[in-house]
Amino acid sequence: MATLAQQIVNGLVLGALIGLIALGYTMVYGIVQLINFAHGEVFMVGAFGAHFISLYVLPEGVPWYAALPVMFLAAVAVSVVVAMAMERLAYRPLRGAHTLAPLITALGVSILLQEVVRVFYPGATAPLPFPRAFPDGSLAVGPVTVLWTGVLALTVAPLLGAAVHLYVERSRLGRAMRATAQDADAARLMGIDTDRVTLATFVIGGVLAGVGAVLYGIHYTQIDTAIGFQNGIFAFTAAVLGGIGSIRGAMLGALCLGLVKSLAGQYAWGGAQYDYVWVFALLILVLMFRPQGFLGRPERVRA
Amino acid sequence: MRTKGTAVLTGLLALGTILGAGACAGNKTETASGGSGCDTSKGRLVIGVIAPMSGKLSAIGLGIRNSAQLAVEQANQKCAVKGYQLTVDAQDDEANPDKGAAAAQRFADDPNVVGIVGSYNSGVARAIQPKIAGSKLVQISPGNTDPALTRGADFATAPKRQYDNYFRVVGTDDLQGPFNARYMVEKEGKKRLAIVTDGKAVGENMATQFAAEAKRLGAEIVIREKVNENDSDFASVLTKVKAEQPEAIYVGSEYHVAGPLSKQAKDLGLNVPISGNDGLFDPQFIALGGKDGDIATSVGAPIEKLDSGKAFVEAYKKKGFSDGYGGFGAFAYDSANVLITSIGKVTAKADWTGAPAQRTELIKEVQGYRTDQGANGTVGFDQYGDSVNKLFTVYQVDSGAWKDMTSGEFEAK
């Protein structure tokens, strides 16, 4: 029983962290029908941005409650700048090209970013210890222990997800986003600057990835240049599972993925070495019976 | 729908291809500028180094490269190989067998290359061996611990030399795993042991050898699990392990897995020592989460305790390399010195041409090499190409640094 509860908590923490990345995948797909494989790298550079600020800019001995906000700001800034540059330089020139062109470009951007960080960031050829900018120790509820950093992730991620959902539903820019997602041509005819809307979508994705990167770093206490790819694949899977294009779906898909990975490792046949297998088996099953994912809308046939 | 499906599929395929091929190579070639008053009229001889200089094992790989570099620069200053200037050509294998084999092929085809120091990973060596067997290029590994590389798949029952041009200066896993087990069970008194591996062949073999000896000594293996090497979240596996209440966890992997795993186990309230083989014995293990009480066995004696080892450490520090010598620098230094001494003897008889016959002569010199003044003490090879130095040392993390506990040879009982 204790083990089950602990595994559920483990899964939810992992899911919450993945969820923040999954939101970026799903929103970009919703607006421009692009699977931005480089989004995992937006997350990764954010982590390195926070690492940089903490190691080279912040003076020694700054208390964590002062350092953490600065690290969040740095990570968000780096992630947003990279996401914007990516959209402006790599994807916008390809708007209207065959769908494969931006997809392959996204892969190229992903590898470019990984290599740039690996080659130019000091020490990034190996895993780097991430600064401990949050109280060590954990919350114990009965037999279940959750690190304080896990508690933070479980609090911040759903709140941010809800905030983004509300923003898209209520705000003026959100309405423009939904209009662009439904029909970009019609939106443009109605006077919506779809380029600006697309850029705004990348910015929001960058903010979420940046926040996620710091939460990830303080929780696992190490980062490397491959974290973007590894978690990007999970996040992409979560987004598809929840219904790509759906904001609530991405969060739901991510939590679901975290739970499956953690519980399958404990209880399913084959043990922990097969946890990936169960994650992707679930994905295949869901897509077979519900191709649009949990909360996605069925694909419309375009003229 | 169809277009989208295809696009996604193509994307994933492309992704696989790119990953398979590996991201752009970060190969570096560094040459030694000996430059002292030696006669170098006969040209340049190259010692090839193959090691993981980028990626998660780079702390080990860079230590190997720098140490080989150090040996070569010292040799150039002492005019160890008369008439020749020695240089190092270091190739990054990224712990990837394909990259290692490609680099080895290049070295084998180049008559100026006298030998290879490398690789660190046994898996890489397995890919290198057949590539260079035909050209008789000598290879000395500072880090391969898979017994099958020298004695074949039936190394325990019917050992048979695999390649006459392959040598190593470190002891093997069939000794190190049991050595570790003996320490954990007899000295530390741990009777309930958990095993976590990263699923790689080397990690699996070590764990199996460890488990066999631990069981023989009366300990119980309560659970054995695998993790994915690219994961950073081990909470799920560790929760499962915790339910079995082990007294220690043996990790069949390297520091980049074992360090975070140690921290995450403690975070979950599973505050038991982690134990592992030489892949853990690196300062990075502690930086990434290794805690006091964690244990690693490694090959050889603690070099700080040998005069010849101390000399190596001092010379290395004086060079001001930006990376430490790591767990295997001293072995790379010894490997390079075997090559340097042997090539000196061969070129004293005739100018170097790189012909197979001359390379075979070099193999004979390496086979006959023997010193007790290496950075690790005794350096020499038995009839299989294995090191005659079968000494292992137990290290334990104490106040945030590795401290040597005991050294000894493993003898099966």
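Just so you know, glycine gets a Cβ as well, placed from its N, Cα and C.
What TrEMBL says about this one:
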TRANSMEM  A:12-35  transmembrane segment
TRANSMEM  A:64-85  transmembrane segment
TRANSMEM  A:97-121  transmembrane segment
TRANSMEM  A:141-168  transmembrane segment
TRANSMEM  A:197-219  transmembrane segment
TRANSMEM  A:225-244  transmembrane segment
TRANSMEM  A:276-295  transmembrane segment
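Contact check: the transmembrane segment (A:97-121) against the transmembrane segment (A:12-35) gives at least three Cβ pairs closer than 8 Å, residues 6 or more apart, which meets the contact criterion. Pairs of Cβ atoms less than 8 Å apart link the transmembrane segment (A:12-35) most often to A:225-244, out of A:64-85, A:141-168, A:225-244, A:276-295. Nonlocal intrachain contacts for the transmembrane segment (A:141-168), taken as residues 6+ away from its ends with a CB within less than 8 angstroms of a stretch CB, comprise 2, 5-6, 9, 12-13, 16-17, 19-20, 23, 27, 134-135, 174, 177-178, 204, 208, 211-212, 215-216, 218-219, 247-248, 250-251. Residues 234, 237, 240-244, 246, 248-249, 252-253, 256-257, 260-261, 264, 268, 270 of the same chain lie 6 or more positions beyond the ends of the transmembrane segment (A:276-295) yet place their CB under 8 Å from a CB of it.
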